[in-house]
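Taking it in order: structure first as structure tokens, then the write-up.
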Amino acid sequence: MSSKVSRDTLYEAVREVLHGNQRNXXKFLETVELQISLKNYDPQKDKRFSGTVRLKSTPRPKFSVCXLGDQQHCDEAKAVDIPHMDIEALKKLNKNKKLVKKLAKKYDAFLASESLIKQIPRILGPGLNKAGKFPSLLTHNXDMVAKVDEVKSRVKFQMKEVLCL
């Protein structure tokens, strides 16, 4: 077998997986894991890599986003019915680990205003960072709905060592 897979072959395989899923109507959401082997890549020398990719469609429509913002962003979030918290509500959590963990569990992602993002570790402690949900930056000149859609359509990837082949 060749070391490279053509784009057409990959697309055909993905289409086949999706059509197989439609034939077997299941009452739960299935996840598909794509595993790729990298040739001539030394994980010892070239450290592991990770990042995010924005997809054309939203893979998780029930993905919940909360805006942590100043007054202007809170008003904007209220107008478009997005859950939001201002600095006073965050201070009420008072670095309580259980409450911060509960907040991190309640939402899948967070957006924070420029003025607030530097204060979040001081106000909430390391709870959001430990949960892997540190907020993305939300600026005043960017549209909030577009930013929420962007966060919903992003997926994270990371390279892990393969245990067995």
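Using N, Cα and C of the backbone, Cβ positions are placed for all residues, glycine too.
Small disclaimer: the values here were computed from a predicted structure and weren't measured.
Taken verbatim from Swiss-Prot:
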type	residues	note
MOD_RES	S2	N-acetylserine
MOD_RES	Y11	phosphotyrosine
MOD_RES	K91	N6-acetyllysine
MOD_RES	K106	N6-acetyllysine
CROSSLNK	K118	SUMO1 cross-link
CROSSLNK	K118	SUMO2 cross-link
MOD_RES	K118	N6-acetyllysine
Please identify, among the recorded positions Y11, K106, K118, the one with the smallest Cα-Cα distance to K91 (N6-acetyllysine). K118
In whole Å, how far is Y11 (phosphotyrosine) from K106 (N6-acetyllysine) when you measure between their Cα atoms? 35
What is the interatomic distance between the Cα atoms of K118 (SUMO1 cross-link) and the residue listed as 'phosphotyrosine', given in whole Å? 42
When DSSP states are folded down to helix, strand and coil, where does K118 (SUMO1 cross-link) land? coil
